[in-house]
Amino acid sequence: MADVDERTPLLEHDASKAELLYDRFNAAEKRLIIAIVSWGGLVPFLTSGTFIPSIPQIAKELNTTGNAVSIAVSIYILAAALGSLIGSAYATFYGRRPTYLYSLPVMILGSLGVAKAQTIQQLLVFRFIQALGASPGTSVGFGVMGDIYRLEERGRAMGSYYGATLIGLALAPTVGGFFAYHFSWRILHLSLAAFALAAFICIFFYFPETIHPGTRGSDQYRGVHPSWRPVILNPFAQLSMLRSPPILAVSLGSLLTLQCDFVMLVPLAYTIGKRYGIVNEAIIGLCFLPCGIGNAIGAPLSGWISDVVIIRWMRKRGGIWYPEDRLRATLGGIFLPVAVILSGIITRYVPGVPGLAANLVCLFMTGVAVDLVLTPCGAYVVDILNSRSAESAAVINAFRYIALSVVTSVILPMIHTYGHLTTNIISAGLACLGFLILWMTILFGDSMRACVDIGYTT
């Protein structure tokens, strides 16, 4: 496919009409859309983040080990990868609105099943279903931002969206710990089902279709394929985008930084919790809060920075847009490896309240740094593949989810075998490699895009 200009719509080559695509909704309507989509985006973050603090309680009630229940984290991540691909494929074919309305009931069903699980096997099956229904919210949300915001506005919009959803990540462990301690993990998942139901009702009544007119795959089937008959799509076909060197590089670079979040948080009850004698699930949940707050601050901050960087470098180049300029904003998170290593050192050598307080600061720094990378990376792939924005976001998410399902399954065994500090040093080293990959993409983006043309918007 030939390259097309950012201000040129997929099927129409008139620049003035292209501008109208982003003016279909006024500022107030766009804010409402962001709020609704953020609610939908909160569902996967709350569903994933509330689970970890309750792992010890679940293990005790189901008569199994923490390591066995931790497999549910990997299962969730793997299912989230699949759900993200399925959701984005159908969001491109049928539109954003139907995807939300079909995926959320699946999440509700899975949550009810988790709440009723009596064995570890039942827990894993329903956790898979829960993730399958919850996960499309994130990638489809990125697609919506690409639908309604121009290039120079997109970073801020995505930062606002991602920051709003990451409030859920900030609050999720605290909420999960609170429910586990004062009620039970079963009540927690019933509450998640109710939250998803409320999001479904809100989307059903107030969320409009945002995909650009005439660009849905189903539009090509009008008069040929009966409207009542569903079209079966291959969600894995989107993974062919990973043939693109810049897409693969951004996927890998963002993965190698994001894994720091998981290395710090997944074993928290067995690292910081054990070191400082914290056994109360609610207090353990509060220990997750600094990282989540850091995420919620880092996302909108990095979105704003990436827009400023794009505008500034376009001026330097006389109005020429170089997509990889947006990735320069990721370098603001270069302090991430330092925070991860410091946490390991502090946990080993600093006891008591000072050690716990210093660890919480490291968690906050980790949260900020990770999102200084993730938001510009997400905006970048939407920039260069605007007509397939939901799919491109889903591919990167799926790549990260699949890899993280492996990472999360080995974190606790690594800590038990090699120790907390060694595990954190390895994680920090991987983050450094991630930043190197992103820097290479900034330097050689043009050449990388020229290697394999998958229909870039340039």
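Keep in mind that glycine also has a Cβ here, set from the backbone N, Cα and C atoms.
The annotation transmembrane segment is assigned in TrEMBL to 32-56, 68-93, 100-118, 124-149, 161-181, 187-207, 247-270, 282-306, 327-350, 356-382, 394-415, 421-444. Annotated domain 'Major facilitator superfamily (MFS) profile' per TrEMBL: 33-446, in sequence order.
The stretch in closest packing with the transmembrane segment (161-181), judged by the count of Cβ pairs under 8 Å and taken from 32-56, 327-350, 394-415, is 32-56. Relative to the transmembrane segment (356-382), the listed stretch 124-149 leads the set 32-56, 68-93, 100-118, 124-149, 187-207 in CB pairs under 8 A. Contact between the transmembrane segment (100-118) and the transmembrane segment (282-306) does not hold: fewer than three of their C-beta pairs are under 8 Å, each pair 6 or more apart in sequence. When pLDDT values are averaged over the domain 'Major facilitator superfamily (MFS) profile' (33-446), the model yields 87.
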